[in-house]
Amino acid sequence: MGHVLGGTLLAANRLARPPAVVLGKPRVCCWRASPWPVIVSSALQFSSSSARHTNYTSARYEARGRSTTQRKVDDRPWHRESSGSLPKSTSPDPTGGDATKGRLLTTPTRLLKLILPIPFHPEQEYINSDETKTNKPKEDAVEPLALLVHPQQPLSYLERLIQAEIPPLLVKDREKLPEIIFRAEADYTGGNKSNDGRREESNGNGSNVASYSGLGREGPSKGDTHWVRWSGSTEIGDFIRDAARGREFSVTIEGHAEELRVAVPSFKDRTYYMRMRLRRMSQEIDQMATVKRECDLLAHKGAHALAKGGFAALAAWWGIVYYVTFHTDMGWDLVEPITYLAGLASIMGGYLWFLFISRDLSYKAAMNVTVSRRQNALYQERGFDPAKWDQLVHDANGLRREIKFAATEYGVEWDEMKDLGGEEVKEVLEEEKGGKARKREQEDEDGDGDDDHDHDHDHVSHGAELQGQDILHANEAAANVPGD
């Protein structure tokens, strides 16, 4: 009954609702239960079918626009959104204010950081497109491109990196990757003509000898320079070392009229971080060397004092034996067996001690044991870490070797004393280097001796085995002979 009454009241309420009155654009509906009219927006008058059609059309155009934008973002990095309105950098300008010249910087690692200005507009689709787009204000230009490369990578790898960051070249309605050409200053000029028409060689070493210079960008500017193209298979490090005879090298992009100039790093630039690390290590080595020198001196003094004490004990023993033998009533008959037993006991004790330390029976071995124990005790007392010392010396010698190798390749003289901080640090490094070399040679000699002994033992064992086999075969042959 309740359901029937509820349905009747709902139907009556719907029949009592007045028709809508349209006043202009909005539609006003009057309700009996509410004293105020309700205004419904005209945007809700669309039917569901028209709304679906509109949504489908807008989604189609949005998908078309998004696919084009996404294609530009994926295929061409210079089309990224807001690529021309990036925030201003607070770090110093690595190009030195010259937006048309690149820089090749040295990093704390072995990698090189190439900062190359991109001479194209962010909205430029092709290199050889309308040139009016390239004449935009400077604020719309793409920021310089930074690339990290290893000196042992070829120039072709750097070429691929640059091609991935610049627009393609349009050739016969088809996209083509532009060719990247690397040029450096040549070490020949083809001969300069003098006033009388004869040719003079500009290279004092001869026309068949390449000249090198580690000045790089620090070198003097030359008015008339000759350029040579380098193969893409050349390693970047070799190319830079050869290009260091001039102040810069050029990067030519196919389809772009102007070439990009990059400042060549000098020997000081290439080895800057290595020399800074060597200076820090040299200071730390100098401080640790002072502590180590004091500990070693005290340890050697203690070892010599111990040796002197042993000699004093032997001298005292000799004096006691002399006094008891010649100045007492006991005489030689009683002292003789005591001296024999004491000497034999000393020999047995020394033999057991050398057997315990597993070293050669020598004064040097005994001194090394006593000195090393005293050194370890002093190192622990003074806070000296031998493992850290060995690592520092090894790293410092490694840096010295790398810097010397770079100086040899650049053809310059390296002032080692300036970076090491003095002759004492150099002596410490050379001494540790020579000591490790001698220790390694001694270990190799000991290893060769053990190998020879093992080889002789194996040879004897093999000979005994062959002899045993011969005897066995002889016995078998004798057993097979028929008896008389």
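The first residue you see is number 1, and the count goes up from there.
Note: Cβ is positioned from N, Cα and C throughout, glycine not excepted.
Going by Swiss-Prot, these are the annotated features:
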type: TRANSIT; residues: 1-33; note: transit peptide
type: TOPO_DOM; residues: 34-304; note: topological domain 'Mitochondrial matrix'
type: COMPBIAS; residues: 61-82; note: compositional bias 'Basic and acidic residues'
type: TRANSMEM; residues: 305-326; note: transmembrane segment
type: TOPO_DOM; residues: 327-334; note: topological domain 'Mitochondrial intermembrane'
type: TRANSMEM; residues: 335-355; note: transmembrane segment
type: BINDING; residues: E336; note: Ca(2+) binding site
type: TOPO_DOM; residues: 356-484; note: topological domain 'Mitochondrial matrix'
type: COMPBIAS; residues: 426-435; note: compositional bias 'Basic and acidic residues'
type: COMPBIAS; residues: 452-462; note: compositional bias 'Basic and acidic residues'
| query | For the compositional bias 'Basic and acidic residues' (426-435), DSSP counts of helix, strand and coil? | reply | 10 helix, 0 strand, 0 coil
| query | Under DSSP, the topological domain 'Mitochondrial intermembrane' (327-334) has how many residues in helix, strand and coil? | reply | 4 helix, 0 strand, 4 coil
| How does the model score the topological domain 'Mitochondrial matrix' (34-304) in terms of mean pLDDT? | 70
